[in-house]
There are 2 protein chains.
Amino acid sequence: MPISLPPPSEEAEAENTLAAIGEFGLIDRVTAGRVQPATTLLGPGDDAAVVAASDGRVVACTDVLVAGVHFRLDWSAPDQIGRKAAAANLADIAAMGAVPTALLVGLACPADTPVETLAGLADGLWAEAGSVGAGVVGGDVASSPTLVLSVTALGSLDGREAVTRAGARPGDVVALAGRVGWAAAGWAVLARGFRSPVAVVAAHRVPEPPYAAGPQAAKAGATAMIDVSDGLLADLGHVSRASGARIDVRSGALEIPARLRDIGRALGVDPLHWLLTGGEDHALAATFPGSPPEGWTEIGVVTDGEPAVLVDGRPYAGGPAGWDHFVR
Amino acid sequence: MPISLPPPSEEAEAENTLAAIGEFGLIDRVTAGRVQPATTLLGPGDDAAVVAASDGRVVACTDVLVAGVHFRLDWSAPDQIGRKAAAANLADIAAMGAVPTALLVGLACPADTPVETLAGLADGLWAEAGSVGAGVVGGDVASSPTLVLSVTALGSLDGREAVTRAGARPGDVVALAGRVGWAAAGWAVLARGFRSPVAVVAAHRVPEPPYAAGPQAAKAGATAMIDVSDGLLADLGHVSRASGARIDVRSGALEIPARLRDIGRALGVDPLHWLLTGGEDHALAATFPGSPPEGWTEIGVVTDGEPAVLVDGRPYAGGPAGWDHFVR
């Protein structure tokens, strides 16, 4: 039987907030004992960090996550939110064909945020960064009524050319690495007040981007690549417009997992819709002049014609193709 | 006489908000027509940017500004806020002895934020970055009840060693480049409802960090350096602790500008307090083994002893030495 502790006094609780330990206390707390990778030449604690950029170039991107918009503290544990914020950025680095080296974290949050919540966020950021050999090298924290997490990721192309969105050519094969639709199914489940099936809820909480597939695709000659964060059709739309070519997705090539089929049936949703329009799984989509490398699945072709993304030769009629943060 | 236009309809006003033009419309609006410096190898519009890091290293830092905390939209024009956000980061890069190359911008803001406000922010970010030869290479925007601006700056050491906070040695001279106390005086004026004197109000709205003094100090053999953002004593405290040495500031070496003396008299504040504890001017403080280079003013010495910052040999008794975002 667990020992029953008295509830903490109000004073003791207040001591566990950011207001009690302060900006510098928090920084000490979340940086102490972390082991930096070799690419971190100077880590947190100074005006700026110094990170190796061995081929004379650095890849960099920023992604912003807002409490209540991208995550909910009642749906996800703090470390899951940290992992998700890191993953969104690390996947963008991978989508250039690069290997992530470092994260910097801009955090705005209320002064009464529990230190445990912030320590959890930091743990998640570190865990996800560590999974690809990157470090958390710097950041800043400021007082705000809303919790906002702005993460910047740096990466290295190791001498390769960056794979942009603009290189898709008619005749190229369109291919996918990683999962699509899982996070969207998880969101649908959570939004209806359920906490299971665990697999899709977990996918919503912490994506599992196929990081290694990015550099792999670059080495295999990918002509264009993108991180699927807004939805497969929306993101292929970015490739289509940037490349000045049309993309035709073959829906039959998108295998619908039995799990998503079951959930779709239970919720009255066509699961294909989740695969085509759901973001946040951070799959990678790329175009190749020939067959894609191992681990990638062919899902369509690049054709001549005005930029557009078609599904089986027709405009997708199932609803909005993806996510815009401001237009509803 | 100006031509009198009818007031815009509610509908037309709504069209000028972020909700109306959307995330991608905003990105188009703020990136169109910008000229990138040569260090921007791939600019905005893809999953990530690519920036030159010619000596195989990149310097990186992040600073977060929150509406109502770091700036007020009724005190500052949007482009002034953009300049200030950029300056806070660019000064951190300079404080390492590096030259800024790029900014990335994480923006969280309400959907009904006027596009003009956001375009103004972007103009300010670009103007300040451009003043040091850097570009705005990427960013993200997300919906949030609070306007939060998280800026990441990148920079190049051009083959030099980074100047950290940890290298000050007993016998070194402490020197200052740039202004201190002006932004604090401006804040004091604005907080009392005044809009003048213009010089200090302008200093609060847009700092003028001595960017070139950072690399200059590095070349001149600076042993430690820091961006004065929390207040001179607080920031010298960081140098003192990191270096394991004591710093003694000579208050007589800090010339109090006549303007600050006048304002101090009017407001009943000792202007020296603004110079010693006011942040946000983004001066640079550094230690040198001998005389500092031109443009730097000697303001004290590094001595043996437990880490501490003294003023004229004694602990400063005028109040808190600087700013912590959460401890009041």
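Any Cβ shown, glycine's included, is placed from N, Cα and C.
Here TrEMBL flags A:Asp47, A:Asp92 as Mg(2+) 4 binding site. Residues or ranges marked as Mg(2+) 3 binding site in TrEMBL: A:Asp47, A:Asp92, A:Asp227. The Mg(2+) 1 binding site annotation in TrEMBL covers A:Thr62, A:Asp63, A:Asp140. Per TrEMBL, Mg(2+) 2 binding site is recorded for A:Asp63, A:Asp92. What TrEMBL lists as substrate binding site is A:His70, A:Glu280, A:Trp323. The feature ATP binding site is assigned by TrEMBL to A:Gly139, A:Asp140, A:Arg165, A:Ser229. Among the features that TrEMBL reports, Mg(2+) 5 binding site is placed at A:Asp230. What TrEMBL lists as domain 'PurM-like N-terminal' is A:45-156.
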- Cβ neighbour count (within 10 Å, all chains shown) around A:Asp227 (Mg(2+) 3 binding site): 30
- If you measure from the Cα of A:His70 (substrate binding site), which of the binding-site residues A:Asp92, A:Asp227, A:Asp230 is the nearest? A:Asp230
- Message: Run through A:Arg165, A:Asp227, A:Ser229, A:Glu280 for me and report the binding-site residues whose CA is within 10 Å of the CA of A:Asp92 (Mg(2+) 4 binding site), in sequence order.
- Response: A:Asp227, A:Ser229
- Message: What's the number of neighbouring CB atoms sitting within 10 A of the CB on A:Gly139 (ATP binding site)?
- Response: 27
- In which DSSP state, out of helix, strand and coil, do we find A:Asp63 (Mg(2+) 1 binding site)? strand
- In whole Å, note down how far the CA of A:Glu280 (substrate binding site) lies from the CA of A:Ser229 (ATP binding site). 5
- Report, in sequence order, every one of the binding-site residues (A:His70, A:Asp140, A:Asp230) having a CB within less than 8 angstroms of a CB belonging to chain B; if no such residue exists, report 'none'. A:His70, A:Asp140
- Comparing local Cβ density (other Cβ atoms within 10 Å) for the binding-site residues A:His70, A:Arg165 points to A:Arg165
- Note on the structure: In chain order, residues whose C-beta lies under 8 angstroms from the C-beta of A:Asp140 (Mg(2+) 1 binding site), counting only those at least six residues away in the same chain, are A:Val105, A:Gly106, A:Leu107
- Item | 10 Å Cα neighbourhood of A:Asp227 (Mg(2+) 3 binding site): matching binding-site residues from A:Asp47, A:Thr62, A:Asp63, A:Gly139 | none
- Quick one: pull the CA-CA distance for A:Thr62 (Mg(2+) 1 binding site) versus A:Gly139 (ATP binding site), whole Å only. 13
- Task: Would you count the other C-beta atoms found within 10 angstroms of the C-beta of A:Asp230 (Mg(2+) 5 binding site) for me?
- Result: 22
- What are the non-local neighbours of A:Glu280 (substrate binding site), defined as same-chain residues 6+ apart in sequence with CB under 8 A from its CB? A:Lys84, A:Ala88, A:Ala183, A:Ala184, A:Trp187, A:His204, A:Pro207, A:Ser229
- Message: Among all protein chains shown, how many Cβ atoms are found within 10 Å of the Cβ of A:Asp63 (Mg(2+) 1 binding site), not counting that one?
- Response: 28
- Would you mind reading off the Cα separation of A:Arg165 (ATP binding site) from A:Asp63 (Mg(2+) 1 binding site), to the nearest angstrom? 18
